[in-house]
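Enquirer: Encoded as structure tokens, here's the structure I'll be asking about.
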Amino acid sequence: MEMRSAKLMNGRVFAGARALYRAAGVDGKDFGKPIIAIANSFDEFLPGHVHLNKVGRLISDAIKEAGGIPREFNTMAVDDGIAMGHTGMLYSLPSRDIIADTVEYQVNAHCADALICIPNCDKVVPGMLMAALRLNIPTVFVSGGPMEAGTTVLPDGTVKKNTDLIDVMYASADDNLNEEDLLAYEKTVCPTCGSCAGMFTANSMNCLTEAIGLALPGNGTILASHSYRKDLFKRAAEQVVKIAKQYYDDDDDSVLPRSIATKKAFENAMTMDVAMGGSTNTVLHILAMAQSADVDFTLDDIERISHTVPCICKASPSGEWEISDVHRAGGITGILGELDRAGKLHRDVHSIDYKSLEDKLNDWDIMRDTCTEEAKQMYLAAPGHIVSPEPWTHTTLFDSLDRDRVNGAIHDIDHPAVTEGGLAVLRGNLAPDGCVVKTAGVPKEIWTFRGPALVVESQEQAIEVILNDTLKPGMALVIRYEGPKGGPGMQEMLYPTSFVKGKGIGKQVAMLTDGRYSGGSSGLAIGHIAPEAANKGPIALIKNGDIINIDIPNRTVNVELSDEELAQRRAELEAGDGYVAHRDRKVSQALKAYAAFARSADKGATRDPELIDKLSGLA
């Protein structure tokens, strides 16, 4: 197979291109080696990305040593935690598609032969995955790694262990805490570089990347602060050169992203996601990834999987365990191992480093006698409790692995943390095309809920009614016109879910939105309602006092109105202002462009390809 870069490295026509490569530091004697694009996302705004400049240099050196030509570039990264609660959050989800575009543009414009992606936080991971699946060249993912959890000591001497970003958000709405208490949380909940501690969106996506087969073992769970992460970066760099040579020298197309990320691989990844109670945002992103890969994987597949897979890992914010605890229990291969023993996975899939799932699990599942010493050692990587934005600050190890599948961080199928899966798809007259709830984070006592609606038309209005105590126990807060088109941008609702907990009513209210929730959200928080209000969805017809009925066991969500009543309301709405939010929000041209092409949440909130084809006139 001729390398993509061969056209530039040979012949008189492209002498100018070679001159530019020489000027950028490529030695002429290296012409003919595979050009490996390093898609980095270094960014000083985000603790999850602040160290990636060092990672990029490390990977670049390792690629060169392995026989490739490393060429590093950067794309953007939005910090959802910083963008949260104001109009900045409108830009988060749209950035995913722009990130995908930037990687595609850069790689194709410069004829790169292979790609190594260094994402970490929420939208960067799926954006790069979408690009890799579009490009379909040899690709390896290696993320920046998760942050350590913090330890907070309050002024009165109270010690709070395993605190994270969500704790400071809860604290900010707790009227019982003073400013000194709040400052103590603020200073300690994010102690290291890395993606926010807990099974939030970033860590969920990095785990999913490992499960689908495009990253090496440990990608989802080795802490950013641990020296073993440095080893992982080097191995990833060596692996991308190896598979580039397999493809171009040996005509082995099994190493390509689309050969790895088949429908069966998507089903395995989603099975793992449901089993670990990942962020609801993973549903949006895996649907978008499937479209980029031309794989027929839909919300119906996710709904089917959610009915058959229990939750066997309840990590923060849904449970007591931190990412480092999940790592000690064997990480993602530990979860996959339990699912494999239960017959829940397709075995005829492969990955960037193994020809079969069975071979990988034989080497990396700590519950198997065949598990390698390398794997056992890697899964001992522990927090170092060194407060620093620098990576690789320590070599701390746990005393032992967690092989307790009854009471440990990872359970076996016979002793699940929750008998139902950690994610569920609900449908009903309020969400005909579906909606999503993170069941792992919902207290069992409110899996069924019936209460009057309190309707708002923006996240800002939602925050106001929570903080001024308009939202009462027993109510269902309906937040509409925050979908992909209606927002536009489909904001996350972490502040509302955090503030109801801070107010002490987290187990007494429901939230429903055509927007989405942070991976850090928990409680009865139903998102991705489709169709959204701006697309004439029934959520646009709800009025204050309407009775909302939620039944997670039976997977339903309804408003107690007849079809005739809903039809009458629709006629009245369309005779009036129509499907328009009543709020004061200025929308930029950039966001209007996103809204113009955005599809519904049940389609991954991606751009509408048919509309693009129609308007462009291009096939």
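A Cβ is built for glycine as well, from the same backbone N, Cα and C atoms used for every other residue.
Swiss-Prot lists these features:
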type	residues	note
BINDING	D80, D122, K123, E492	Mg(2+) binding site
BINDING	C121, C196	[2Fe-2S] cluster binding site
MOD_RES	K123	N6-carboxylysine
ACT_SITE	S518	active site, proton acceptor
Enquirer: DSSP secondary structure for K123 (Mg(2+) binding site), reduced to helix/strand/coil, please.
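Expert: SS state of K123 (Mg(2+) binding site) = coil.
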Enquirer: Among D80, D122, the binding-site residues in question, whose Cβ has the most other Cβ atoms within 10 Å in this structure?
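Expert: The most densely surrounded of these binding-site residues is D122.
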Enquirer: Checking the recorded positions C121, C196, S518, which are within 10 Å of E492 (Mg(2+) binding site) at the Cα level?
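Expert: Candidates kept after distance check: S518.
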Enquirer: Taking the center of the Cβ atoms of D80, D122, K123, E492 at the recorded Mg(2+) site, which other residues in this chain have a Cβ no more than 8 Å from that point?
Expert: V78, A83, M89, S92, L93, C121, T201, A202, N281, S518
Enquirer: For C196 ([2Fe-2S] cluster binding site), which residues in the same chain are close in space, meaning a Cβ under 8 Å from its Cβ, but six or more apart along the sequence?
Expert: P47, G48, G81, P146, M147, D164, L165, C190, A202, N203, G520
Enquirer: In whole Å, how far is S518 (active site, proton acceptor) from C121 ([2Fe-2S] cluster binding site) when you measure between their Cα atoms?
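Expert: The Cα atom of C121 ([2Fe-2S] cluster binding site) is 12 Å away from the Cα atom of S518 (active site, proton acceptor).
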Enquirer: Name the residues of the same chain, 6+ apart in sequence, whose Cβ is under 8 Å from the Cβ of K123 (Mg(2+) binding site)?
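Expert: The answer is A77, V78, D80, S92, L93, S95, R96, I99.
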Enquirer: I'd like the number of other C-beta atoms within 10 A of the C-beta of C121 ([2Fe-2S] cluster binding site), please.
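Expert: A count of 30.
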Enquirer: Could you state the CA-to-CA distance between the residue listed as 'active site, proton acceptor' and D122 (Mg(2+) binding site) to the nearest Å?
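Expert: Between the alpha carbons of the residue listed as 'active site, proton acceptor' and D122 (Mg(2+) binding site) there are 9 Å.
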